[in-house]
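These notes are about the structure you will find just below.
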Amino acid sequence: MMTDLSLTRDEDEEEAKPLAEEEGAREVADREHMFDKVVTPSDVGKLNRLVIPKQHAERFFPLDSSSNEKGLLLNFEDLTGKSWRFRYSYWNSSQSYVMTKGWSRFVKDKKLDAGDIVSFQRCVGDSGRDSRLFIDWRRRPKVPDHPHFAAGAMFPRFYSFPSTNYSLYNHQQQRHHHSGGGYNYHQIPREFGYGYFVRSVDQRNNPAAAVADPLVIESVPVMMHGRANQELVGTAGKRLRLFGVDMECGESGMTNSTEEESSSSGGSLPRGGGGGASSSSFFQLRLGSSSEDDHFTKKGKSSLSFDLDQ
């Protein structure tokens, strides 16, 4: 007799399991998805409230005049079967529908962050009046890496420096120290500064340059405006032979005493570019013969003078 009772209980339990599974499957199938809400920083912040979009609030959680002041208590279940109770009300100050009490506890338990998605569902009862509310959540979707933003694709052009053949300084000095390589920095005047030059690398001619070549920035000498041209003209100098004497004068010209003596003798001396730095100009005399050397030695003068009576 005892054996028959035990067998009967086992058969009843086995029949009850499929029935419970069918009811659970039917319950899941009868769930109606209401809406999703992407939580904002304020929804998971210190305000401790969740703003429900107006169109969804008025459709699924309507409030009458009696419950508008105090609000409603809504009971939800998550996927694990845990119950959550939220106070749902309307705020006249912000004219928004919000869930306040109990929401902060849900945020802490699920560790919600801004961008996460909260989903609301319901299961309508057989009578059509009573319904069970469900709440679920999921992390914000990860943005896939777009091929357009791959490394090197955002910067289609890289820059490198031009060769010395295209520099501003090369056309002035190429006949003196053109080596086909770098610059001869020892022969660069002080008036030359340093600048930066870049040129675009055409990807059509060299597709690998856009990815492989790094961006290189170095300084190259460039000629400053105005002063360098005057200095080059001044240092080149001008030569004049006057009364058997070879004279070389710089840019700034001669002194006043020399100009007076040369003008009284009927001669004129050419002037340089005018207005250059007087400290860098120079005046040199070179005698043309040994007799002229003796002539100046006998006079015992260290400065230049001209005797028109000779």
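Count begins at 1; order follows the chain as displayed.
Including glycine, each Cβ sits where the backbone N, Cα and C put it.
Per Swiss-Prot, the features are as follows:
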REGION    1-26  region 'Disordered'
COMPBIAS  16-26  compositional bias 'Basic and acidic residues'
DNA_BIND  35-141  DNA-binding region
COMPBIAS  251-268  compositional bias 'Low complexity'
REGION    251-310  region 'Disordered'
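In the predicted model, the DNA-binding region (35-141) has a mean pLDDT of 90.
Summarised by DSSP class, the composition of the DNA-binding region (35-141) is 19 helix, 42 strand, 46 coil.
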